[in-house]
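Enquirer: Structure provided below as structure tokens; questions to follow.
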Amino acid sequence: MARNEPSSQQPSSSGSNGTPAQQNGSAKPSKVTVKVVNASFTKAADCYVEITSDTSSAAPKKTTVKKKTMAPEWNEHLNVHANESSTISFRLLQKAKLFDDTCLGMAKLKLSSLTRNENGEFKNDINNISLLAKDSSKIGTLNIIFSGYPERKRRSAGVRAETAASASSEASTSNGVATSSSARRPATAKRDTLAAPTSTAAAAAAATAGGTPAAGAEEQLPDGWEMRFDQYGRKYYVDHTTKSTTWERPSTQPLPQGWEMRRDPRGRVYYVDHNTRTTTWQRPTADMLEAHEQWQSGRDQAMLQWEQRFLLQQNNFSADDPLGPLPEGWEKRQDPNTSRMYFVNHVNRTTQWEDPRTQGFRGSDQPLPDGWEMRFTEQGVPFFIDHQSKTTTYNDPRTGKPVGPLGVVGVQMAMEKSFRWKIAQFRYLCLSNSVPNHVKITVSRNNVFEDSFQEIMRKNAVDLRRRLYIQFRGEEGLDYGGVAREWFFLLSHEVLNPMYCLFMYAGNNNYSLQINPASFVNPDHLKYFEYIGRFIAMALFHGKFIYSGFTMPFYKKMLNKKIVLKDIEQVDSEIYNSLMWIKDNNIDECDMELYFVADYELLGELKTYELKEGGTEIAVTEENKLEYIELLVEWRFNRGVEQQTKAFFTGFNSVFPLEWMQYFDERELELLLCGMQDVDVDDWQRNTVYRHYAPQSKQVTWFWQWVRSLDQEKRARLLQFVTGTCRVPVGGFSELMGSTGPQLFCIERVGKENWLPRSHTCFNRLDLPPYRSYDQLVEKLSMAIEMTEGFGNE
């Protein structure tokens, strides 16, 4: 389609100084000089002013930082791109060293209010602007002076003027289509009614030269409808046919197929979806239905993935089992009382809990390699000596597995500490402390959060140990476990939803959950946290999984473990990097002006917390910086959530004591609560990038060979080690998220062959040293995963 050229006879608006208008009716921004004179506010701070224009995409302009003052003076000139209709935003920010800069107050100013009566020029007077906090309270003032001559805007036909003074009775031409005065909207600032356009010429005139409708063009109101403004300037709509009003703009578009509009006894409009037999107050649109379908599809996919989670992998030795078949003369059986798997050796007529393919019992009859010797400690524990390297180890060199004494349950002590053994002990505690009969919980699918709250909180907490009998209203039937599993999924999806303001995501790209310090906006939040504590305890006691999990530091709190600096990496990488810099450098050589205080923002209000008594007067030095780091880390995970955490633990302990969980570490607790899923190694390998390695490097080949040899439990532990969570995203490994957004798993060559591997969970990165053999790689990786915190251990 040929482009339409503007008419050469197009008139220019008054006061435009002869500058031709653009076809879309907007003015080309020109430079305006803003002199920031001074400011005054109620609290001394290191502050600066940031200026932006809504008609410019340039970076914000900033003044210099003024130190520790309540009345900073700048007298600095800043140039911004703006026209007469621009809105200039001013932000007074407090400079921070470790955290993001905090906004103390802000203000907005329309240039049209300054140039309206001055023929487009500024009066060069001082403008006193009030600075408002996020709660709209005044915190101070800012004095500024404007100079320059902003470009004036030429009005196109059909585009509504922004001020009453810009209204004109002259007809104008755009794209060769003339508009009459009756087709234009009135330009008065306030009016009780606003008539809908009655001519198609107005719509045509509102089009730009490219054929795009003008900004702000609205759909024509249906017959019998009228738009009005209330006393606060808010739009509402009057239906003269039914003599009713509504805040929602009526549409001339027909309802989607299967929908019907009805009115309740009070005359309110609602909509019936005959497809799903549901109702809603909101008028359905094609976009809304499409978004709902996408949400439903995503939820169904998440539900499907959740149903595939498991806690312990079933040892069904299929043909494609990476461990291969059992040795000749061996058989796997199941204990009918505990359902625990054991192995029978028909050759010597013995039984054992260990899988002979992984525990090395076949290799124990083979001779030791040259230069090796086996000895025993005074307690009878075997160990091995390598006379060539003059080292000792508890690992049998023939199998690579530890050999140790028998524990209290007849298996090796190393095996006693395995995840399976811990689960068996925990399940024994739950079984021996269960209560006879069942407890019935009846809820509605449409109100599962509140219904479950009423059911759980009105029952005696000990009764929640009974066998669960879940029933959804209108869905009569027997619950043999499937309904309970669905209830745990649906309810966990609701109670952990950040929309309720009880929990919040750990970061922009970290969807693990932590308690929201601002949860007090809900007056009953402590009761809800007690309810959630009971619910989480029920999930663990009855062996059910929840939809989403918490941060690792929260699991450590549940286990009463000390939170350390490394734990902050997953939650806030910026603070972690800052504290690591302080830890690794001599801060006495640079004037950082750090004190034992922490500033933070809560619901728009800036607060200061003393890390120790008199912290505002205690400077951080090289001598006391470790104490500062320790106190800051502890404060970071406890700020504003002490009462919520206490309520959560109160609810949890009312079902069963947290001491029962002391068998597990924080990673195992996450597996116990959220379950694990089959890890697709092929998908993982396809979505991996390499640094200083190539996909064909022998270390990379060994790594994937080792991953394929692992069972699902150990793969989940490896996934926790490198990404911080045992769960694979719904879209697979291609959807892995890092601290800065989507970030694929990465293997990087770092260190020497005697180093342990390191993980960076914020970046989904594994630092893999250049090991010389497959056995060395397996030994180092296994040690790093099982015996370390996962970062920085060498």
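Just so you know, glycine gets a Cβ as well, placed from its N, Cα and C.
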Enquirer: If you look at how Swiss-Prot annotates this chain, which of 111-154, 155-198, 243-286, 375-418 comes out as region 'Disordered'?
Expert: 155-198
Enquirer: Provide the number of Cβ atoms within 10 Å of the Cβ of C762 (active site, glycyl thioester intermediate), excluding the reference atom itself.
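Expert: For C762 (active site, glycyl thioester intermediate), the count of other Cβ atoms within 10 Å is 24.
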Enquirer: Using DSSP, how many residues in the domain 'WW 2' (253-286) fall into helix, strand and coil?
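Expert: DSSP classes over the domain 'WW 2' (253-286) add up to 1 helix, 13 strand, 20 coil.
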Enquirer: Checking distant contacts: for the domain 'WW 2' (253-286), what same-chain residues at least six beyond its ends satisfy Cβ-Cβ under 8 A?
Expert: 242, 244, 246
Enquirer: Going by DSSP, is C762 (active site, glycyl thioester intermediate) sitting in a helix, a strand, or coil?
Expert: coil
